[in-house]
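Only one structure is covered here, and it is reproduced in the block below.
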C-alpha cells in the first residue's frame, strides 16, 4: 500500500516535463541543445550570453572578416619590423585584461539575471578556470620567448649591430581563447552555441496549457526538505501559494512578486494557531459529552415512565368489558406512538451528539498530532485543517421535556371511558358549578342561573366586596376544592379573548395590572372592550404572580397556556369549543381536554399548598361568552 501511495501522479509528472528548468514556467518557443535537454529560446540565449542561432551566420561572417584583418595586420607588423621588438609581458597582460573585461561587459549587458541564475554558478567558475589556465599558458610562453629573444639580440648585436632580425623567428600572435557553452542541467560543454527548435514539444506544451493553465506546485515539497527542481534546501515559504520553496524558486517568475518569509517562522506561527484550536475543541467535546450523557438519562427516564404508564393503563382496562378491551387497544396504540415519537426525537438527538463527539474527537486528535509535528509535515494541507477547526460549530439538541401528564394518564382514563360508554362522565367526580357574583368584575354580566358570563354593554353598579376583581375582567366559581379529583366542562363562544382554568384561594383581587397589561377598574364597558382587544395573549405577569392562576385561552386566533411560571403556545389539532378541566389536587395536576374528542390540550403541574382551588374564567371581548355545562 505504501508503494502505491508513493507512485507519482502521471498528470503531475507530465506538467513537470513541460516546465523550463531556467524560468520554472511552461516552455515558450522550446529549443533543444546538443545534449538533448530543452529550454525556452529566450532563456538559453540569455544564459549563454549571446544572440540566437538565426544570427550565427552573420557572426561567422564578422569573425572571418576579423581574421582576415588580423592576418593583414600581422603582415604589416612583420613588414614594419614590429615583431623585432621584444614583447613585454605587461603589454600582453594588459591586452588580455582588456579583452576579458570587454567579454564580461558584453556578457552581463545581455540581460542575464532573474530566476535560477544562482544555480548556474558552476558554469561561470568553469569558464573562469579555463580562461585563467589559457592566460597562464600564453603568459608563460611569452616570458620564455622574451628571454630567448634577449639572448639572441645580444648575440646579434655583438656580430653586427646594424643587422635586422629575421621576421620568421618572431613569436606568432597568440590565438584567442575559446569559449565553452555549458548545459545548465547536465553540465555538458559545447565548443559552439547550437540549438534547434523543438516543434513537437511546443505542441505538447500547448495541450498541457489547455488542461492546466499554470504549472503544478505540489511536487516541490518533499519530506527530505529538498527542492526536487533545483536540489536546494527548502528554507522559504511563499505566503501567496502557501508552499515551501528554495532560494532559486524565490527568484523565479512564479514567486518573484510574491511575499516570502523564512520557513521556520511560518512553522512556528502555524504551530501556535493549531495550539489555539486545541483548547476550544476540547471544550466543545466536553460540552457535547455532557449533553449526550444528559440525553441518555432522559431516554432512560422516558422509558421508565412509559413502562409505568402502560402498566397503569393495563390495570384500569383489566376491569372493563369487551368494549373496554377494544378501547384499551386503541389507547395503547396511540400512547405507544406518542412515546415512540418522543423516543425517536431523544434517540436522534443522542445520535447526533454522538456523531459530534466522534467528529470532535477525531479533529482534536488530528490537531494535537499536527501541532507536535514540525517542518513540512505540519504544513501539508494545513489550510484545510484550519478550515475544519474553524467551521466546527456546537449544535445542541432541541430542548424538550417529556410531559409528565400524558393525554391518557391513568387518573383520567377510567372517567373518560365510562363517560363515553354511558354519555356520563364519572358523576362521582363531576362538579355542578356556578359562578360567584361577589368575585365578578363590574364589566361582566352573569346569566340569571349563574352558569354563563359575558361583557356587559356598560359598567355595572355593584357593591364593593373584598373578593371582587377590579383590575381584570375575571370571575371565579362558587365552589372550591381542597382535595380529591374533580372535573367540569366549559363551553366557549366567540373566537377572541377568553380563558378558563383554576386559581388558588389566596389571590389579590384589587391589584393594578403591571407592564403586561392595564387596569380596567374605571371607565365604561366599551372603552374596556377596546382596551382588551389591544392586549397581549398572556395574562399580565403581575396578575399571575400574585394570584397563582393556571389557565388556557385565546387572544385572536392563537391558543396558549399561561401560569406564573409557564407560557406555552398551543397548536391543537382541532379548535375546541367545549373544554373539560380535570383537577387532581393530591397529584398537583390540572389538565385540559377537548371534551368532544377527549384530545389532550395541556396539563399543568401545580403546587396548591393546602389552599382551596376555584374554577377561573376570563372574558376580554364583546361577542365572547363562557357557559358552564351541567
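Cβ from N, Cα, C; glycine included.
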Among the residue ranges 180-221, 222-263, 264-305, I'd like the one that Swiss-Prot describes as zinc finger.
222-263
In Swiss-Prot, which of 51-97, 98-144 is labelled region 'Disordered'?
51-97
Which of these ranges is annotated region 'Disordered' in Swiss-Prot: 148-176, 322-350?
148-176
Pick from 470-502, 503-535, 536-568: which stretch is listed in Swiss-Prot under region 'Disordered'?
503-535
Near the Cβ of residue 227 (Zn(2+) binding site), how many other Cβ atoms are there if near means within 10 Å?
22
Distance between residue 249 (Zn(2+) binding site) and residue 447 (phosphoserine) at the Cα atoms, whole Å?
98
Between residue 447 (phosphoserine) and residue 230 (Zn(2+) binding site): CA-CA distance (Å):
103
How far is it from residue 255 (Zn(2+) binding site) to residue 447 (phosphoserine), counting Cα to Cα, in Å?
93
Hey, does DSSP put residue 249 (Zn(2+) binding site) in a helix, a strand, or just coil?
helix
Secondary structure of residue 255 (Zn(2+) binding site) (DSSP, helix/strand/coil):
coil
State the count of C-beta atoms found within 10 angstroms of the C-beta of residue 255 (Zn(2+) binding site), not counting that atom itself.
21
